[in-house]
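Colleague: According to TrEMBL, the protein has these features:
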type     : residues : note
SIGNAL   : 1-26     : signal peptide
ACT_SITE : His74    : active site
ACT_SITE : Glu132   : active site
ACT_SITE : His136   : active site
Amino acid sequence: MASLSAQIPLCLALMMAACLMIGINGSIDGAQREFDYFALSLQWPGTICHKTRHCCSSNACCRGSNSPTEFTIHGLWPDYNDGTWPSCCYRSQFDVKEISTLLDALEKYWPSLYCGKSSTCFSGKGLFWAHEWEKHGTCSSPVIQDEYSYFITTLNVYFKYNVTKILNEAGYVPSNSERYPLGGIVSAIENSFRATPEVICSKEAVEEIRLCFFKDFKPRNCLASKTSCPKYVSLPAYVSMGREASESEMA
């Protein structure tokens with residue numbers, strides 16, 4: 001009996017250790033639980049750039065006439081059907097040399113719209129792209145296996161499903177005076193891609209649109225049943241003064 005009594009605390013300790021090894025992603029010992037679908041999150045720079053209070057070289061809102069005027073990429077995110085998502089699935093530090101041939105495209109279509117460095121899983125503070133790769137890209141297997149594939153795949157999906165073009169052709173163009181029916185924006189995307197997007201707003205302004213995909217990148221409905229948007233929304237236009245002019249005005 002004494003030996004049995006001694007074994008009980010040992011078993012409990014082993015069970016607790018096993019629980020600690022199981023992460024919030026449902027993984028054991030750092031291994032990911034495979035995701036269910038992808039969400040391509042797109043940012044509307046007109047909304048985000050209007051919040052810019054100071055400029056820096058890393059902020060695309062401060063590029064003057066070269067500031068983005070179409071939806072830009074926030075990230076390609078592996079998600080679960082229960083509304084949660086994996087993150088930081090395996091140790092793979094971002095290496096900008098791996099994507100050197102993509103930098104021009106990334107600067108234009110996947111820029112940071114903020115100053116300051118982004119947090120990463122394994123590299124401390126770093127580039128916006130480092131955050132997206134280490135937090136989300138590392139959870140994209142078995143569909144995507146490496147850093148270069150993550151970025152080139154995301155760019156290709158972005159080009160194929162051109163939300164800016166679809167909305168412009170439907171009459172939804174940047175404006176600081178017009179308000180558009182949210183249902184019309186959603187319908188324009190549904191009619192083109194045969195799937196329902198998720199729309200995120202900051203007050204009445206569209207801030208993000210998310211497109212969802214099966215693992216073979218065929219469109220599927222996004223999960224969101226509620227929206228942060230009112231019935232009528234805006235797509236604000238934004239004209240950057242450029243970094244030097246902005247800093248002068250701030251002074």
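In case you wondered, yes, glycine gets a Cβ from its N, Cα and C as well.
Nobody curates TrEMBL annotations by hand; they come from automatic prediction.
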Colleague: Let me check the 10 A CB neighbour count of His136 (active site). How many other CB atoms are there?
Modeller: 28
Colleague: Going along the chain, which residues six or more apart from His74 (active site) have their CB under 8 A from its CB?
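Modeller: Once residues fewer than 6 apart are set aside, His74 (active site) is near Ser41, Leu42, Gln43, Glu132, Glu208.
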Colleague: Please report the number of other Cβ atoms within 10 Å of the Cβ of Glu132 (active site).
Modeller: 23
